[in-house]
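Novice: Residues annotated as active site, proton acceptor in Swiss-Prot: GLU96. Marked as domain 'Radical SAM core' by Swiss-Prot on the basis of sequence analysis: 102-342. What Swiss-Prot lists as [4Fe-4S] cluster binding site is CYS116, CYS120, CYS123. Positions annotated as S-adenosyl-L-methionine binding site by Swiss-Prot, on the basis of sequence analysis: GLY170, GLU171, SER202, SER224, LEU225, HIS226, ASN302. The feature active site, S-methylcysteine intermediate is assigned by Swiss-Prot to CYS345, with sequence analysis given as support.
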Amino acid sequence: MTTSTGKINLLGLTQPEMEQFFDSIGEKRFRAGQVMKWIHHFGVSDFAAMTNVGKVLREKLEAVAEIRPPEVVSEDISADGTRKWVIRVASGSCVETVYIPTDDRGTLCVSSQAGCALDCSFCSTGKQGFNSNLTAAEVIGQVWLANKSFGTVPAKVDRAITNVVMMGMGEPLLNFDNVIAAMKIMMDDLGYGISKRRVTLSTSGVVPMIDELAKHIDVSLALSLHAPNDELRNKLVPINKKYPLKVLLESCMGYMSTLGGKRVLTVEYTLLKDVNDQPEHAAQMIELLRDVPCKINLIPFNPFPHSGYERPSNNAIRRFQDLLHHGGFNVTTRTTRGDDIDAACGQLVGQVNDRTRRSERYIAVRQLSADVELQDSAASH
C-alpha cells in the first residue's frame, strides 16, 4: 500500500507481494526474502541497517519504499504482566493491542479496525462506532511493535509472542483482505513463523466471509456466541438478526470440515449477570452445541461505564461452567487479565480518541443497513 509519502510500505506485504514489488523495480526475487527477514525477524525499519543488501539497492529502496509501523501513543503494564499499547494509525484513529503472558505462552490480541460497526451491547469498542479499517501494515505492525518492545527475535525458541488472536478492536471479517494478508505474514517463516494452530480469528458471525475464509487461509476459528438462542442474541449481538444461529453454526462447521483434520471451534461466551448466566441458558447452550466439535471459553463480563450490565457472582460463574461440563463440554473460564489498565476483554476503546464520536462513514453504514432492512420488510408484505 502506498502511504502519504507516495512510497510503498513494505511492512504489510506478503511474500508473493514482496516478490512482485522487487520484480517491478527490476531486482531479483530472492531480495524479497532478505528484506522480509530484516523487517520481521529483526525489527528493522531503516534500509541502511540491512547489511547484506548492497548500497545501490538500499538507495533505490529508499527512493520508492519505506517501512512504516503505526505510532505508539502509550504503553501500560498491568500488575499481572499484561501489556497494552495504544497505537495511532494513518486515519488518525487509535486502536489498542494487548499482550497476555502465561506460564506456557505469550498471546498477542490484535485489532483489525478502529472502532466497530457491529454494536454488540456489552462491548465498549462497539460504543464508539466504526471509524476505519486498518491496513495490512497496521495489522501486522502491531506484532512488529510488540516484538520491538520486548526486544525479541521471532525466530528464536524463547520468543515472547507464541500466539496471536484476532480478538482486539473490530470485526476481522469486515476487513477481510487486510486481515488475511497480515495473518499470512504472521505464519510465514520469513515473517513471524507462528503455527497456523496458534493464530486464531474471532468473529461475531459474518457468515458470507466465514464461507470465504477457507479459500484463503487455514487458521483456528473462534465464534463470539454470547447467547444460546436467537431472541437473546438478537439483542446482544445485532448481526444475529441477519445471520441467525442455525445458519451461523452451519457456516462454522463448513469451515472446519473444508480444512479437514480434528478441528475444534472455540466458542466465546461473555457471562452477564441475570441476562445469559442462568441454568436454562446453560441447558439451551448444551442443546445448541451438541453436534458441534468445540471448546467453550466463558468470559465473565468486564465492567465499563454506562454499560448497563454487571459481572455475575463467582458462584454463578462456577455453576454455569459446571452445568456445561456435566453436559459433556470442555469448558474453561477466562481469568480476567489487565483490567487495571482497561485491557480486559470487551474494554478496548482506543481511549485517546473521543469514544462517543461516530464517523460519517459509520453513520452511512448504519443508515444503509436500516434502508436495506426496511426494503426487505416491505418486500415481505
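Any Cβ shown, glycine's included, is placed from N, Cα and C.
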Novice: May I ask which residues of the same chain, at least 6 positions away in sequence, place their Cβ under 8 angstroms from the Cβ of CYS120 ([4Fe-4S] cluster binding site)?
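Specialist: Listed in sequence order: GLY126, SER204, SER224, HIS226, LEU236, VAL237, PRO238.
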Novice: Counting every protein chain present, what is the number of Cβ atoms, excluding its own, within 10 Å of the Cβ of LEU225 (S-adenosyl-L-methionine binding site)?
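Specialist: Cβ-Cβ neighbours of LEU225 (S-adenosyl-L-methionine binding site) within 10 Å number 29.
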Novice: List the same-chain residues at least 6 positions away in sequence whose Cβ sits under 8 Å from the Cβ of CYS116 ([4Fe-4S] cluster binding site), in sequence order, or say none.
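Specialist: Those within reach of CYS116 ([4Fe-4S] cluster binding site), by Cβ under 8 Å and sequence separation of 6 or more, are CYS123, THR125, GLY126, GLN128, GLY129, PHE130, MET169, GLY170, GLU171.
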Novice: Relative to the Cβ of SER202 (S-adenosyl-L-methionine binding site), which residues of the same chain, six or more apart in sequence, are found under 8 Å away?
Specialist: VAL165, MET166, MET167, PRO172, ALA222, LEU223, SER224, THR266, GLU268
Novice: Which of GLY170, HIS226 (the binding-site residues) has the most other Cβ atoms within 10 Å?
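Specialist: When each Cβ's neighbours within 10 Å are tallied, GLY170 leads.
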Novice: So what's the average pLDDT for the domain 'Radical SAM core' (102-342)?
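Specialist: Average per-residue pLDDT within the domain 'Radical SAM core' (102-342): 93.
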Novice: If one measures from the C-alpha of LEU225 (S-adenosyl-L-methionine binding site) to the C-alpha of GLU96 (active site, proton acceptor), what distance in angstrom results, rounded to a whole number?
Specialist: 23
Novice: Provide the three-state secondary structure of HIS226 (S-adenosyl-L-methionine binding site) computed with DSSP.
Specialist: coil
Novice: Give the distance between the Cα atoms of the residue listed as 'active site, proton acceptor' and ASN302 (S-adenosyl-L-methionine binding site), rounded to the nearest whole Å.
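Specialist: Taking the Cα atoms only, the residue listed as 'active site, proton acceptor' lies 16 Å from ASN302 (S-adenosyl-L-methionine binding site).
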Novice: Including all protein chains shown, what's the count of other C-beta atoms within 10 A of the C-beta of GLU171 (S-adenosyl-L-methionine binding site)?
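Specialist: Within a 10 Å radius of the Cβ of GLU171 (S-adenosyl-L-methionine binding site) lie 26 other Cβ atoms.
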Novice: Within 10 angstroms of the C-beta of CYS123 ([4Fe-4S] cluster binding site), what count of other C-beta atoms is obtained when all protein chains are considered?
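Specialist: Its Cβ has 25 other Cβ atoms within 10 Å.
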